[in-house]
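Here the structure is laid out as structure tokens; the discussion comes afterwards.
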Amino acid sequence: MSNYNNKHHDDGNPFYNEPINTSPTQQQQQQQQNLFPNTNIDYNDYTQNRGQQQQQQPAYQPDLQFQSFSHDVDVNSNTSPNNNNNNNSNNNNSNKIGGNSSNNKFSDNVPLNTNEDGTEKKYSFYEVPYYRFLFNVDTKEVGLRLIRSMLPIKFSFFNLIRENPDLYGPFWVLTSLVFIVAVTSNLNEYFHSSDHKSWEVDIQKIVYSAITIYGYSFVIPLILWGIFKWMNLGLRLLDMLCIYGYTLFIFVPASILCVIPLQLVQWIIVAIASIVSGLFLVTNIFTPLKEDFTKRGLIICAVIGALHIGLALVLKLYFFANSTENFTISDSSSTPTPTPTNTTKLL
């Protein structure tokens, strides 16, 4: 039995056969639209699009399979022997500070005084890198040489510095000694001054100390180097400057101890420092002389010892003196004038 719309049946005809109107009424549309209040969505468009989405079949998704790569494969590998050597050097440097370095300019295998192509760099005497080899030492080497300078026997200092003599240690030893001697000298004058208020610092002591110490440490090695060169010995000027610079290291603590205002203590300190440093200097210089020039070597070493003792006496008698000279100015008006006396001759 077909469905009929009985909306208009109140006209008395029960067989009214008007087809059913399947379109929604205005009231139904209003109710459906109320599902989306305060929006711009149209219910008809929403239902139509939803139906189309349900009718669409899902897209075909193929069964993807991924190929696994082995971890042992190096995609950037190069079979050349140079690259293999570079890789080995990078692995060796991985444990060092800074890690691996891809720049060969800073590699440990490249010397500092060479170019990138392996040729030796050339510097002029007025350029700072020209004197770099004079300071090519570290703290450990300098400390070892300072300790050895206070042990005058059982080793050769020239053998220790033969491969790498330096001027770094001697420069700081001499410079420190210049200022310490000047300060100690002024303190001795202050302690033994009768009037501390009128006492003033003597800046000239720094100049005198520099002339004495630098002159002794540069002039005498230069003269000895000329003599040894004339005797065809293998001692270089740099070796002589190095040993004379380290020789005076023991005078640094000795000068500090000379602040003690006791003459006997100061004499003992200066004597010990001069004997230890003098033996260190004489024994090391006499070693290359004793084989072929025994008599000359004894004379040269005697002169070296005498000059070293002279330096110690200058330090003690001039810089570490315990007394200051007090000059008094006499007033000529207060001095009495001599009165003539009558003398008679006895006949």
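Keep in mind that glycine also has a Cβ here, set from the backbone N, Cα and C atoms.
Copied over from Swiss-Prot, here are the features:
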COMPBIAS  34-47  compositional bias 'Polar residues'
COMPBIAS  48-67  compositional bias 'Low complexity'
COMPBIAS  76-104  compositional bias 'Low complexity'
COMPBIAS  105-115  compositional bias 'Polar residues'
CARBOHYD  ASN322  N-linked glycosylation site
CARBOHYD  ASN326  N-linked glycosylation site
CARBOHYD  ASN342  N-linked glycosylation site
REGION    1-115  region 'Disordered'
TOPO_DOM  1-166  topological domain 'Cytoplasmic'
TOPO_DOM  188-207  topological domain 'Lumenal'
TOPO_DOM  229-232  topological domain 'Cytoplasmic'
TOPO_DOM  277-296  topological domain 'Cytoplasmic'
TOPO_DOM  318-347  topological domain 'Lumenal'
TRANSMEM  167-187  transmembrane segment
TRANSMEM  208-228  transmembrane segment
TRANSMEM  233-253  transmembrane segment
TRANSMEM  256-276  transmembrane segment
TRANSMEM  297-317  transmembrane segment
Chain residues in Cβ proximity to the transmembrane segment (208-228) (below 8 Å; excluding those fewer than six residues from its ends, i.e. six or more beyond): 170, 174, 177-179, 181-182, 185, 235-237, 240-241, 243-245, 248, 285, 300, 304, 307, 311, 314-315, 318-319
Sequence-remote partners of the transmembrane segment (233-253) [C-beta within less than 8 Å, at least six residues beyond its ends]: 134, 145-146, 148-150, 157-158, 161-162, 165-167, 169-171, 173-174, 176-177, 180-181, 213, 216-218, 220-222, 224-225, 273, 276-277, 280-281, 284-285, 288-289, 308, 315
Beyond the flanks of the topological domain 'Cytoplasmic' (229-232) by at least 6 residues, Cβ under 8 Å: 293, 296
